[in-house]
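Okay, structure first, notes after.
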Amino acid sequence: MAEEMEPLLEPTEVFMDLWSMLPYSMQQLPLPEDHSNWQELSPLEPSDPPPPPPPPPLPLAAAAPPPLNPPTPPRAAPSPVVPSTEDYGGDFDFRVGFVEAGTAKSVTCTYSPVLNKVYCRLAKPCPVQVRVGVAPPPGSSLRAVAVYKKSEHVAEVVRRCPHHERCGGGTDGLAPAQHLIRVEGNPQARYHDDETTKRHSVVVPYEPPEVGSDCTTVLYNFMCNSSCMGGMNRRPILTILTLEGPGGQLLGRRCFEVRVCACPGRDRKIEEENFRKRGGAGGVAKRAMSPPTEAPEPPKKRVLNPDNEIFYLQVRGRRRYEMLKEINEALQLAEGGSAPRPSKGRRVKVEGPQPSCGKKLLQKGSD
């Protein structure tokens, strides 16, 4: 090339030319702290890379959407119209017991193991001991309900008589007036009326036994006598005590008969004696069928000798009677027999020796 290439401009000069072309306002921009030695930097030496930008903030974790069909806790089966009265220990070996008491007239509550029956006074505490072999799940409860024992009354609801219902008889104020069974000393007791059967029940939370004890005691009160008109009216009742899980499912069941009376010890003694007299048969005593007895044979007539048979002859007239009597005596004397004894009410002339003592018979002498 003929023409010589123009020498390249220094980078500094190029920058200064460009800087002078900027408006004055741009030249007043603040410079970095190391602006005094910026020219000493090599044009080919790269500056420090800028710090990486901070990572974007992570989005907040959104709450998991609720499931479409959340699991529901198990529910209790609907209450049957005729509840079962069969004992059922279940997987937890559910049992009940009672405090040992005699048959004294002063006792307020006594239990008969022979009859499986509780005798108690009106509105007096009846301690029931609850035992389990395996601890039930937390949240379990005990439910008590009364039903009539006989089949013709089992569909009816056991309730108090109108008299005791008006009288009330409860200091806690939690139990409805018509409920027969109440719990004493437990503020957690809840009283229910079944929507289907209209039966009354009381529920208390299950509490494990204390240290050194093998049972939990619940105090039940029965608020009406068994003989009250308009209430139980002498109809026997059963108390069904059930152990229920947190969802109301049945875990165990125990039943016992209850009689509310004025003298529990006396009534227990009488009923146990009657039970033994019936031969220990449970429930209603059935009379044992006696073997058929043969009809008694009619008594056989004894065949007598005609000569020894006695006959009776009716005679009219005293004279004729005396004459026939003398003939009869003469015949007996001829046969070597004794004369017949005179009958009472008839005066007969006695002939013979006079008695040795006492009054002597006066005989008329023959002149």
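Note that Cβ sites are derived from N, Cα and C of the backbone, with glycine treated the same way.
What Swiss-Prot lists as DNA-binding region is 87-278.
The Zn(2+) binding site feature in Swiss-Prot is assigned to Cys161, His164, Cys224, Cys228. There are 17 other CB atoms within 10 A of the CB of Cys228 (Zn(2+) binding site), with all protein chains counted.
Positions annotated as compositional bias 'Pro residues' by Swiss-Prot: 46-81.
The average pLDDT computed over the region 'Interaction with DNA' (259-266) stands at 96. Annotation comment: Swiss-Prot describes 259-266 as region 'Interaction with DNA'.
Look at Swiss-Prot and you will find 308-339 tagged as region 'Oligomerization'.
Per Swiss-Prot, region 'Basic (repression of DNA-binding)' is recorded for 347-364.
Under the heading motif 'Bipartite nuclear localization signal', Swiss-Prot lists 286-302, citing similarity to another entry as support.
Marked as motif 'Nuclear export signal' by Swiss-Prot: 322-333. Secondary structure counts, DSSP: the motif 'Nuclear export signal' (322-333) has 12 helix, 0 strand, 0 coil.
Residues 101-110, 117-122, 222, 224-227, 232, 236 of the same chain lie 6 or more positions beyond the ends of the region 'Interaction with DNA' (259-266) yet place their CB under 8 Å from a CB of it. Highlighted in sequence order, Arg160, Pro162, His163, Glu165, Met223, Asn225, Gly230, Gly231, Met232 have their Cβ within 8 Å of the centre of the Cβ atoms of Cys161, His164, Cys224, Cys228, the residues recorded for Zn(2+), and are not part of that set. The Cβ of Cys224 (Zn(2+) binding site) lies under 8 Å from the Cβ of Leu122, Arg160, Cys161, His164, Leu180, Gly231, Met232, Val260, each of these being in the same chain and 6 or more residues away along the sequence.
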